[in-house]
Each structure stands twice: as C-alpha cells, then as structure tokens.
Amino acid sequence: MKLKIGIIGAMAQEIEILRKLMTDVSVLEIAGCKIYEGKINNTCVSLLQSGIGKVSAAMGTTLLLELTKPNMVINTGSAGGLAENLNVGDIVISTEVRHYDVDVTAFGYEIGQLPANPAAFLPNEQLVNMALKETKTAGVNAVAGLICSGDRFVNGAEQITTIRQHFDQVVAVEMEAAAIAQVCYAFEVPFVVVRAISDIADKCSHLSFEEFLPLAAEKSSEIVIAMLNNFS
C-alpha cells in the first residue's frame, strides 16, 4: 500500500505552490476547510487549507485525518522568528510544539499544558531528520527547536518577553501548529512542522509578514516537495 502524506497550511498563499503541482486532483470543501487529494511527483497527498488559528486548524486536521487517512502530517507555511540566528526565508523545524496561550497551572499543570495532554507535543524524529537533511541539501539556513502557538499575531517586544519568560527555548511562533500536533497526538499520527520565517516577531512584524509571506510560502514548499520525493 502506498503511503499518503497529509500536508496542512492555514492560508491559500501557503499551499498554492503545492496545490499547483498536484495531479489527479479531487477537492472536498467542508466547514470552511478545503482538502485537495491527488499526487505530487507520484506521491499521494491530501493537502488541507485549514484557515487561520487553532480552532480552524484543529477542526481541519480532524477532518483531514478522518476523511483521507494520511499516514503522516507535515504542517507548512509561515512563522515569526524568535531565535537570534533566524532571518526572513529561513526554515524552522519542530523538535517540540507547545501552546503559549494556555494556563491551567492552578490545577498543577505546566504552563501551556492542557489536561489529558502532554506539556509538549513531540514530532516524529525521522520526519525531523528528513526535513533537516533536505534543508542542508538545498543550502537553506534551518533551525530546529521549540515552536509555540497561540491565537494572536505576535507583534511587539512586550508580547515576545511574556512568551520567552515561560518558553525560553522558543525559536518561532505561529497560530496553528500546536493544535495540529494535539490532534495528531490524539489520532496517533506522526507529524512534523516545517515552516519558513516571514517576519521577525517585533513591532514591525505585521509589515514584514505582508511583504514576505510569498517568500516564506516558496521556501517552506521547497522543503516539503523535497521531503515528498523521499516517498515517491
């Protein structure tokens, strides 16, 4: 049986390059989510445009896993860089994923941890290593580390300071990965997050995001395509 790879991006711009490469495509639209099933370079894929934010991401990921049954999930798209050695267009790869806007510490949980869930969601090690290998082959600067998710666009020093107080190893922030990881954890489906930096999360990050989202989409898609070639 051929493997099927699930790929998730929040916005149309983040999956456009991948969608245009697909052949034998069928489209399913449900509850605001779009799922494209087909092939990229002879690899079976189910490509989800989930919508922005953790609720949309969780809903879309659940639909993707239930309806198309992928063997693994790659979350792609853009992220805001927090590591000092990251620039726009660089790649971030998850070694763990956490919610930064969850607090149930009153009941003894870690900051960012939801009841009945681990504090950190761990990606599949083989997928992490594959992503790192492909970034090296492509000559792209990549940082592997903690990616944190929350339902806000991080834009300013005060927000960054608050996140770093709790998650001092964070390399990037965005708005969907922890929800995707949580659903994959519940379904026992391996995942990895491979995103490109569209902005450095400072007070001007919203301007950088608008300007460099196409570049981030291009760079992240490049690595995802290279990863898919390992399965064809």
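Yeah, the Cβs are placed from backbone N, Cα and C, and that goes for glycine too.
Note that this is a predicted model, so its numbers are computed, not measured.
Glu14 (active site, proton acceptor) falls within a helical segment according to DSSP. Cβ contacts within 10 Å of Glu14 (active site, proton acceptor), excluding its own Cβ and spanning all protein chains shown: 28. Under the heading active site, proton acceptor, Swiss-Prot lists Glu14.
DSSP assigns Asp199 (active site, proton donor) to a strand. Annotation source Swiss-Prot lists active site, proton donor at Asp199, citing sequence analysis.
Among the features that Swiss-Prot reports, substrate binding site is placed at Gly80, Val154, Met175, Glu176. Around Glu176 (substrate binding site), a 10 Å sphere centred on its CB holds 30 further CB atoms from the protein chains shown.
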Quick one: Cα separation, Asp199 (active site, proton donor) versus Gly80 (substrate binding site), in Å?
5
Around the recorded substrate site, report the further residues of that chain (criterion: Cβ within 8 Å of the mean position of the Cβ atoms of Gly80, Val154, Met175, Glu176; site residues excluded), sequence-ordered.
Ala79, Ser149, Gly150, Arg152, Phe153, Val173, Glu174
About how far apart, in whole Å, are the alpha carbons (Cα) of Gly80 (substrate binding site) and Glu14 (active site, proton acceptor)?
14
Report, as a single number, how many Cβ atoms besides its own are within 10 Å of the Cβ of Asp199 (active site, proton donor).
25
Integer Cα-Cα distance in angstrom, Glu176 (substrate binding site) to Glu14 (active site, proton acceptor):
13
Looking at the binding-site residues Gly80, Val154, Met175, which sits with the largest number of other Cβ atoms within 10 Å of its Cβ?
Gly80
